[in-house]
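Undergrad: Here you go, one structure.
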Amino acid sequence: MSVHAATNPINKHVVLIDNYDSFTWNVYEYLCQEGAKVSVYRNDAITVPEIAALNPDTLLISPGPGHPKTDSGISRDCIRYFTGKIPVFGICMGQQCMFDVFGGEVAYAGEIVHGKTSPISHDNCGIFKNVPQGIAVTRYHSLAGTESSLPSCLKVTASTENGIIMGVRHKKYTVEGVQFHPESILTEEGHLMIRNILNVSGGTWEENKSSPSNSILDRIYARRKIDVNEQSKIPGFTFQDLQSNYDLGLAPPLQDFYTVLSSSHKRAVVLAEVKRASPSKGPICLKAVAAEQALKYAEAGASAISVLTEPHWFHGSLQDLVNVRKILDLKFPPKERPCVLRKEFIFSKYQILEARLAGADTVLLIVKMLSQPLLKELYSYSKDLNMEPLVEVNSKEELQRALEIGAKVVGVNNRDLHSFNVDLNTTSNLVESIPKDVLLIALSGITTRDDAEKYKKEGVHGFLVGEALMKSTDVKKFIHELCE
């Protein structure tokens, strides 16, 4: 049997609180194999001041039986004391303790799992940095933090396919937990996750910022290049196959994106987005049925339906777009349906032709991730397929690049795709630089009527809204408020 040995040992002092669980030994072993010095204490055999006197670099709360309120000993007090001082990580009950400490509810998870593996999706940060999507993780639990009681200071970082929370992280402090067992031999990439724990330092995430070269956009782009390359090799899905299908007339009729948006009599147009999750927010509505959501938007007066088709971080698919187009064709006359936008990280003609065949009227081109020659090539190719793209920018320089290629519909993303921080002034600062014949759409961060009203007064033509609409209890009212 091979033993894992770290190539570059991480010399950290870890205090491991044992909640009377046999898996504590596995956690200890994994930490030691990465080079850490580990001190283990039962949850009733040491005090918080005594732990503080040890001056640990990292605190780790182990798995354990029972409920965090009654069976975790000093674990919750440790989380309260060390939050903001050093990194605090929790496994299984350790995560449940975090949920409880910050005001959440730990309850029956809806299923009892013992030694079973489940694939998860995650946000690629913290413990999940550089961990592939869809890995199998080992679960031993019947309790979990409930999504409805998620504390405002925490964000969901990982979940199962049926929506059970598998990871949470404090938005400010280096406090993070997972419901599964990274130290189990059945968990994929467990050693990498333990190593990621040891690589975190200090009391805040601000102190652990990733360099731009490892930004979220870079990771998504790299993953999508792999995905597209693999799919384009499958018989029946090659570029030549797609081209043959297009030449046979299999692409459905389309509407002119620019004409639909510019001919609206509303004060502003709404591009309503089908969005199950995001890297910044984690799961939003994993059980959403794309066609149902799109129909709600269309009946409420949306001018376009944006369909996220990226599978790893946003939990979308091209089939979602196909289904959205089908339901719109069934429920609306050809000239009265909303346009369909493929919201994707596009870098190749393959993705554009794929979108056209699936029923998209337009595609998103992100200036930030494309060289100027490639941007121009993809824009021209889209036009050859009779699609006017939505060209996304985030700065005055990117806006100039978009205008140079002749873009007629420009979206200003208020979210920086490297850091994923939102600044609603990003759109406002570019309004005066937009030519009169170019439509300006504000993207990201629009959550209230006041946000929309400010933009309308500045001359913004419309808004792309995703998360706020996905969470809205009255989609029709919300869209009406945005438009009028």
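Each Cβ is built from the backbone N, Cα and C atoms, and glycine gets one as well.
Pasting the relevant annotations from Swiss-Prot:
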MOD_RES   Ser2  phosphoserine
DOMAIN    13-207  domain 'Glutamine amidotransferase type-1'
BINDING   Gly64, Pro65, Gly66, Gln96, Ser142, Leu143  L-glutamine binding site
ACT_SITE  Cys92  active site, nucleophile
ACT_SITE  His181  active site, for GATase activity
ACT_SITE  Glu183  active site, for GATase activity
REGION    215-484  region 'Indole-3-glycerol phosphate synthase'
Undergrad: Hey, does DSSP put Leu143 (L-glutamine binding site) in a helix, a strand, or just coil?
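TA: Assignment for Leu143 (L-glutamine binding site) reads strand.
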Undergrad: For Pro65 (L-glutamine binding site), what is the secondary structure state per DSSP, taken as helix, strand or coil?
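TA: Looking at the DSSP assignment, Pro65 (L-glutamine binding site) belongs to neither helix nor strand, so coil.
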Undergrad: Including all protein chains shown, what's the count of other C-beta atoms within 10 A of the C-beta of the residue listed as 'active site, nucleophile'?
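TA: Excluding its own Cβ, the number within 10 Å is 27.
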Undergrad: When you tally the Cβ atoms that lie within 10 Å of each candidate's Cβ, which of the recorded positions (Gln96, Ser142, Glu183) has the highest tally?
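TA: Ranked by Cβ atoms within 10 Å, first place goes to Gln96.
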Undergrad: Taking DSSP three-state, what's His181 (active site, for GATase activity) in: helix, strand or coil?
TA: strand
Undergrad: Near His181 (active site, for GATase activity) in space, meaning Cα within 10 angstroms, which of the recorded positions do we find among Gly64, Cys92, Gln96, Ser142, Leu143?
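TA: Correct set: Cys92.
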Undergrad: Excluding Gly64, Pro65, Gly66, Gln96, Ser142, Leu143, please set out which residues of the same chain place their CB within 8 Å of the center of the CB atoms of the L-glutamine site, keeping sequence order.
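TA: After dropping the recorded site residues, what remains is His67, Pro68, Asp71, Cys92, Met93, His141.
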Undergrad: To what whole number does the mean pLDDT across the region 'Indole-3-glycerol phosphate synthase' (215-484) round?
TA: 92
Undergrad: Can you grab the distance from Glu183 (active site, for GATase activity) over to Gly66 (L-glutamine binding site)? Cα atoms, rounded to a whole Å.
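TA: A Cα-Cα distance of 20 Å.
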Undergrad: Taking only same-chain residues 6+ apart in sequence, whose CB is under 8 Å from that of Gly64 (L-glutamine binding site), what do you get?
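TA: The answer is Asp18, Asn19, Tyr20, Asp21, Asn43, Asp71, Ser72, Cys92, Met93, Gly94.
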Undergrad: Near Gly66 (L-glutamine binding site), which residues of its own chain have a C-beta under 8 A away, given they sit six or more steps off in sequence?
TA: Ser72, Met93
Undergrad: Express in Å, rounded to the nearest integer, the largest CA to CA distance found among the L-glutamine-binding residues Gly64, Pro65, Gly66, Gln96, Ser142, Leu143 named in the record.
TA: 12
Undergrad: Tell me the Cβ neighbour count for His181 (active site, for GATase activity), meaning other Cβ atoms within 10 Å of its Cβ, over all protein chains shown.
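TA: I get 23 for this one.
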Undergrad: Give me the count of other Cβ atoms within 10 A of the Cβ belonging to Pro65 (L-glutamine binding site).
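TA: 12, counting other Cβ atoms within 10 Å of Pro65 (L-glutamine binding site).
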